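Report on one structure; see the data block that follows.
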Amino acid sequence: MAGVGKKTVLCYLGFQGILLLLSFMFLRYDKDADARTPRNGMGHSSPESPSVTTINQRYAMFQDVHVMIFVGFGFLMTFLRKYGFSSVGFTFLLAATIIQWGLICQGLFDLNKDDYKIHIDVRSLISADVLSAAILISMGAVLGKTTPLQLLIMGIIETVLFCVNEKIGHNFQVTDAGDSIFVHVFGAYFGLAVSQVLGKPRQTDLEGSSYTSDLFAMIGSVFLWLFWPSFNAAATANGGDQQRAVINTYLSIAASCVTAFAISALVTHKNKFNMVHIQNSTLAGGVAIGTVADLMIQPYGAVLVGSLAGILSVLGYKYLQPFLLKRIGLHDTCGVHNLHGMPGVLAGIVGALAALVATESDYSHSLYEHFPARAPKSSNPFLHDLQTYRKSILAGSERTAGEQALYQLLAIVTTLAVAIVGGAITGMILKMSTTLRDKAGEEDIYDDEKHWEIEMELEEKAEIKTFETHEQTVDDKC
């Protein structure tokens, strides 16, 4: 057991130094957080001021998302019986690194044109947290098979590609309120591509779970389940959209919980619940509703989407994951394909259908805020009429509902392409370079001992003490 290694330590410290330099060069407070803004002074601040309103509206949901990233994802991965320290610890380390890198990468795609700086506020922090979720999803596909250094390199590359794909999606002017396409689909298939290139690891008993490790993983599941409405609603534009996103997610994830339990018992030996299904598939409704979370799909639509997602996810764990492992050697430690990949694609398809049937009678003038490309062109007098009702409506390209639906589908295809190709290239980099492998051996997989100081359990100490006492007794008799 060689430990973390100086190479890994130097790489993390070196990258943190780079982040410090980039922060010095680019990061600045947004006007709502800048003390030089007159309205932010102590004598001028009021509950109605923009800075106070922004933090009051966003901070609670930001904190919910923050808990999901560091507690939810971390503990969900603790199901491996000898990899709990690494699951929580590497999640902590990687996410803390990526939220800094993500702030910079996302900001560079949206620099302030006046001073060419990245102006950050609480909304920027939410975006960075959401970005880090994609990297943690990818980590789930290779959990236990990669070193901290490999995870760092994967995270650095993936963050850049994530921002590129997100920018492409924004240029398509598609809707994806809960980032089911840009986070869940991207993260899942990027991680699966990396895993496929790295290859199937040898079989080991350490890949299994224990009663205690599964119980800890359920803690992560419950935290994620509780806070998922905030994840889908945090980035939405206004109170009405946020409330609708919370309602739709609430109903969808509740429905997926029920169907996941039911289908798990139906397909499992002796009709018993399977803990893997319950830890993961109960969350699938949160993923599947994400793209349309803020749209007018009606409560029964949310229940339908969640119900289908729970069924799809359980069947994926039961039948598709073993099939892919056997046929093409695709090893997926956490089953991210079943929780994030397929439900994310389902979300994208539902988004296309919602775009196809969206009309002004359902949305009123907000139709052109949800689907900006459907707004009239600047030369169309109807645009001026709309702007008298909603100043936030900008000139669009007069897309039809059918064209908008096709763009929604195109966003899925583009995301899959960028994720799979980018993940495959990243996997080759990790596999071919002995420097990045950091001497990760087959004997180290799914085992905390390589990277962590581990205290012996009380039972082991008692056994050793008993053995030493026995040896001393024998020596005394001799």
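Including glycine, each Cβ sits where the backbone N, Cα and C put it.
These features come from TrEMBL:
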| type | residues | note |
| --- | --- | --- |
| DOMAIN | 53-450 | domain 'Ammonium transporter AmtB-like' |
| TRANSMEM | 9-29 | transmembrane segment |
| TRANSMEM | 59-80 | transmembrane segment |
| TRANSMEM | 87-104 | transmembrane segment |
| TRANSMEM | 124-144 | transmembrane segment |
| TRANSMEM | 181-199 | transmembrane segment |
| TRANSMEM | 211-228 | transmembrane segment |
| TRANSMEM | 248-268 | transmembrane segment |
| TRANSMEM | 303-320 | transmembrane segment |
| TRANSMEM | 341-359 | transmembrane segment |
| TRANSMEM | 405-430 | transmembrane segment |
Taking the transmembrane segment (341-359) as the first stretch and the transmembrane segment (248-268) as the second, find out whether 3 or more Cβ pairs fall under 8 Å, excluding pairs closer than 6 in sequence.
no
Is it the case that the transmembrane segment (303-320) and the transmembrane segment (248-268) touch, counting contact as three or more CB pairs under 8 Å in which the residues of each pair are 6 or more positions apart?
yes
Contact set of the transmembrane segment (405-430) with the rest of its chain, CB cutoff 8 A exclusive, min separation 6+ beyond the ends, reads 138, 146, 150, 153-154, 157-158, 161, 164-165, 168-169, 172-176, 181-182, 185-198, 291, 345, 348-349, 351-353, 355-356, 373, 399, 436-437
Next on the checklist: Please determine whether the transmembrane segment (181-199) and the transmembrane segment (211-228) are in contact (criterion: at least three Cβ-Cβ distances under 8 Å, sequence separation 6 or more).
Outcome noted: no
Per the Cβ filter (under 8 Å) with a sequence gap of at least 6 from its ends, the transmembrane segment (124-144) is approached by 30, 58, 61-62, 65-66, 68-69, 73, 77, 80, 83, 86-87, 90-91, 94-95, 98-100, 102-103, 105-107, 118, 150-151, 154-155, 158-159, 162-163, 179, 182-184, 186-188, 190-192, 194-195, 198, 206-207, 231, 234-235, 332-337, 340, 423, 445-446
Contact set of the transmembrane segment (211-228) with the rest of its chain, CB cutoff 8 A exclusive, min separation 6+ beyond the ends, reads 64-65, 67-68, 71-81, 84, 249, 253, 257, 275, 278-280, 282-283, 286
TODO: Could you check if the transmembrane segment (87-104) is in contact with the transmembrane segment (59-80), meaning 3+ Cβ pairs under 8 Å among residue pairs at least 6 apart in sequence?
DONE: yes
